[in-house]
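Student: Annotated zinc finger per Swiss-Prot: 13-44, in sequence order, evidence recorded as sequence analysis. Summarising the annotation, Swiss-Prot assigns Zn(2+) binding site to CYS17, CYS20, CYS36, CYS39 and lists sequence analysis as the type of evidence. Marked as repeat '1' by Swiss-Prot: 130-213. Swiss-Prot lists 224-305 with the feature repeat '2'.
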Amino acid sequence: MPYSDKMAIESEAPKRCPECHSEHLIRDYEHGELICADCGAVIEDSFIDQGPEWRAFDSDQDERRARTGSPMTYLSHDKGLATEISWSNKDYYGKRIPHKNRAQIYRVRKWHQRIRVSNAAERNLSLALQLLNDIGAKLGIPKDIKETSALIYRKAVEKNLIRGRSIESIVCASIYAACRKVNIPRTLDEIAKASEVNKKKIGKAYRHLAKELDLNLRPTTPFSYIAQFCNKLDLDKQAIVISEDIVRQAMSMGISSGKGPTGIAAAAIYIASVKVGKPRTQKEIARISGVTEVTIRNRYKEISKALNISISE
């Protein structure tokens, strides 16, 4: 990329992370992303893509497949194929637009937005995908998971599965389904907190999508949550290994059958934290796992009795 073009892009980019307000931002031109080095949030993902998303094995194939512009994305209602007009009052080279021309540019932007979103269906899709992006940013999920979420949501729209349900609940259910599809654990509680949508509504919408779209998602296990919960509790690898060993033994004895995976994982971590000399209270673990202290206490009693584990509480 020419130096002047790169400077123009950098001048339009945010200077501060909207999540943690850090100014330590990293520009990844290869992937077209602006990333916060402190919290890991992807602040922008629409920089010019300089590399192809295809492979070519000879020069003829390379010429046939050559293209200009960003690759298609499900995260935009028009799949990223339309032209974008920036809202900053600067031109391509980063120079400020004269005051006498700003009113004209504003009218062009306004009509451009109207043309891009021309009917109610496109307007609703645009709002839903913006919401999906916002929730995804709060959860810290990568772009490929957001793409999968957007694809699931689009399929739900095509099959008219949103009728009678809120857009917010279907968006949240799509994110939850996408996370389960690639085995990236995100609990309903986490998604509910990030979206401010009722947990029960998300669960109901998810079951509706899973059935109607035939998602065939594997059930989650306690192993899916152990590393995530331990990291949030600042527990090391040793605690993770012990927690997984406890869960493995509990599952082999049938203790986990019919029980929620997050509750089993939370109880195992509670035991492991004491064993490694870094005890965490049931209240602390309940807060990060999204299960109640009563659930952790009940699972802990069942596991410790079956495995003959004794710890000083």
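For all residues, glycine too, the Cβ spot is worked out from N, Cα and C.
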Student: Comparing the binding-site residues CYS17, CYS20, CYS39, which residue's C-beta has the most other C-beta atoms within 10 angstroms in this structure?
Tutor: CYS17
Student: Do you know the mean pLDDT across the repeat '1' (130-213)?
Tutor: 91
Student: Taking the centroid of the Cβ atoms of CYS17, CYS20, CYS36, CYS39 (Zn(2+) site), which other same-chain residues have Cβ within 8 Å of it?
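Tutor: These residues sit around the Zn(2+) site: PRO18, GLU19, HIS21, SER22, HIS24, ALA37, ASP38, GLY40, ALA41, ILE43.
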Student: Going by DSSP, how much of the repeat '2' (224-305) is helix, how much is strand and how much is coil, in residues?
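Tutor: Split into helix, strand and coil, the repeat '2' (224-305) gives 61 helix, 0 strand, 21 coil.
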